[in-house]
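Single-structure report; data block below.
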């Protein structure tokens, strides 16, 4: 029996999204009796988000699905300052044009999880630059700044960590906490927003906004955070051996995204199915009973369902079929990731280590060399034992490609161009 009566909090609870709530009973009552507006903030520091952001995105997804209104708040204003939370050094400052380009790109990612066009409870994307860029500094200090205690701000873990390490914390970054708190108050005044959600590392910042709202006369505001997500082996979500796992197919092919989830550790399959898919809980309970070799089927279901939300069902099933042909039939699948190498270079010959790095299967020649020495590298299914081997047009198959493999699960087609 769930401790919550509202559909939204009950869904988050049974799927493992909840770490901390500022007023559990009060927030549950609010969700049970009215349509609630809530937001999560994102600083547009890149043109795409990665899988480390998926927990919060899915919280917004479930909010809309249970009849409430989610806001994805773009930090067009705060992004010009940079969040100092648990960072070892100041972030590189971005121009307005860079930030706006990133926001445009991010909306395409969010649109796969949220519906901005529906008639009832449409999702909103709001840019805090709309109010932050026009602030009068003296009025802001007088009306907002006076509510903040520097002593208290210095006690926050995110600040203390920097200061304890004797790392510089600029006045610019220090202001970030005030601006983020003000966002909550401004959103309440503009949209009636009552809840801010985020990762557990944002708890202090969110409580700041609640306190500011109380001092400035808003209705009761609430905080809800999700746990810091790591794999069962302790690895942080969002990165793979080959780099960030982006939510933008221009940065990461659909097949690679699918494969990332297919490689989930056994102990994480059920937890990730709850968090990152919309599978019914009874279907997830069935998956939880799978063991032994059946766990691989569960991983394929997980990979296909997560990929279908982001890239569409057809693309997800195509990726699954590509994997099946590659691994189960040993066939050459045209939908494998590919790179182009000028024919002139192949005529002259390309070193295998260089080719591995260019294909994104290793980050350096040293890593590529270790793959060769470990017997993990194959060209057209033939093992490579010599790190000095030269790859040329002679290796191009009748299909017009060279299949480069590292291990059993990483394959790239090299196409002469």
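Yeah, the Cβs are placed from backbone N, Cα and C, and that goes for glycine too.
According to Swiss-Prot, the L-tyrosine binding site annotation covers 39, 176, 180, on the basis of sequence analysis. For 239, the entry in Swiss-Prot reads ATP binding site, with the evidence type sequence analysis. Per Swiss-Prot, domain 'S4 RNA-binding' is recorded for 350-416, and the stated evidence type is sequence analysis. Residues annotated as motif ''HIGH' region' in Swiss-Prot: 44-53. Residues or ranges marked as motif ''KMSKS' region' in Swiss-Prot: 236-240.
Residues listed for L-tyrosine, 39, 176, 180, cover a largest CA to CA span of 18 Å. Cβ neighbour count for residue 180 (L-tyrosine binding site): 27 (other Cβ atoms within 10 Å of its Cβ, all protein chains included). Ranking the binding-site residues 39, 176 by how many Cβ atoms sit within 10 Å of each one's Cβ puts 39 at the top.
Residues of the motif ''HIGH' region' (44-53) grouped by DSSP class, helix first, strand second and coil last, total 3 helix, 1 strand, 6 coil. Per DSSP, the domain 'S4 RNA-binding' (350-416) is made up of 19 helix, 21 strand, 27 coil.
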